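What follows is a set of notes on a single structure, which appears directly below.
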Amino acid sequence: MNAQHSSADLRDVIRNAKRIVVKIGSSSLTGENFEVSPGRIDRIVEALEDRMHRGSDVIVVSSGAVAAGMAPLGLTSRPKDLATKQAAASVGQVHLANAWGNSFARYNRTIGQVLLTASDAGQRDRARNAQRTIDRLRLLHAVPIINENDTVATSEMHFGDNDRLAAIVSHLVSADALVLLSDVDGLYDKNPADPSARFVSEVRDGNDLKGVIAGDGGAVGTGGMASKVSAARLASRSGVPVLLTSADYVAEALGDAEVGTVFYPKDDRLSAWKFWALYAADTGGALRIDAGAVAAVTAGGNSLLAVGITEVIGDFHAGEIVEILGPEGEIIGRGEVAYDSAVLITMLGKQTAQLPEGLQRPVVHADYLSDYASRA
């Protein structure tokens, strides 16, 4: 949506979105003593059911597995070590799924649990399988309940938070909108305790986030709000409009969408492949390129040729996704490389005409190259 569109226009888009992803944070699903709260879940499901009754497809991204497993295991504080977190998640996931299932059963609806890891999203074939599973659940009139598979995810290979997972899922399923629900009502331009604090109702680009802090007084650069803003920007950069608000306003968020902060999407929605390559794919290595090549692949939208590559980093094979770095090591984007790293080393800095006939294809074709600058 461009500058001519108002916040009311964007809220109307979210209000009428046919396919919507709704992410709910742990604190909105659990009560005191870290137990799953059926009452809180029932209230959320009531709003979800009302939205589905209006004709929308709803995909739920649910946090809360680790928190829900703490009380049954006798844990009084959130575990810090990976093994205990995974044990809590394995117990909590059962309680959480039962709570969702029982609540939706009041409306004669079935749920389907989908547990994902970062490696699932990072491998293209596994990402497609996840997409097909979610699509089939919807066709069979089951509500997909998605969560990170904390039981098997490692500290090195995980989404980090379900906000990012929700952003990735929203693009994976071609959602028309993403709603992020937590325990904060939106963004402010200064501490809300300050009488002059202004509620930030819309974010069009990064400039609108300067000095912004969370509705609960926490800085955007710290804690949970940082991940929510990051996820909202991730989804909006890919072309998905986002509404960020408190779970206390779930009925309003899924009703008239007149609450919270909205994030404007880019007009040009990224293709599924480019989004996956840029934000989800595993990378096999990196290519450092010169300033001329940076301009060619960003402003020019051209393919990356061997002449502009100054360094090959890591060992990789043709067809893998690699990071593309600028002269100072800054990340420019990602792309699917056409040659093995061992072959590329022999091609560095050479004009296409200087290369053997079998090596004259672009190193990264423009169709398989995503740059971050175009999504700012």
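Cβ atoms here come from the backbone N, Cα and C positions, even for glycine.
Annotation comment: Swiss-Prot describes K23, S182, D183, T222, G223, G224, M225, A226, S227, K228 as ATP binding site. According to Swiss-Prot, the feature substrate binding site maps to S63, D150, N162, an assignment based on sequence analysis. Residues or ranges marked as domain 'PUA' by Swiss-Prot on the basis of sequence analysis: 284-358.
Annotation: S63, N162 are the binding-site residues among S63, D150, N162 whose CA atoms are within 10 angstroms of the CA of K23 (ATP binding site). Counting in whole angstrom, S63 (substrate binding site) lies 13 from S227 (ATP binding site) by their C-alpha atoms. In the predicted model, the domain 'PUA' (284-358) shows an average pLDDT of 94.
Pairwise Cα distances among S63, D150, N162, the recorded substrate-binding residues, top out at 11 Å.
For D183 (ATP binding site), the Cβ neighbour count at a 10 Å cut-off comes to 15, with all displayed protein chains included. Between the listed binding-site residues, namely S63, N162, S227, the fewest other CB atoms within 10 angstroms of a CB are found at S227. Spacing of N162 (substrate binding site) relative to S227 (ATP binding site) is 9 Å (Cα to Cα, whole number). Separation of the C-alpha atoms of D183 (ATP binding site) and D150 (substrate binding site): 22 Å, rounded to the nearest whole number. Rounded to a whole number, the distance between the Cα atoms of S227 (ATP binding site) and D150 (substrate binding site) is 18 Å.
Within the domain 'PUA' (284-358), the DSSP-based counts of helix, strand and coil residues read 19 helix, 22 strand, 34 coil. Figure note: comparing Cβ neighbours within 10 Å for the binding-site residues K23, D150, M225, the maximum is reached by K23.
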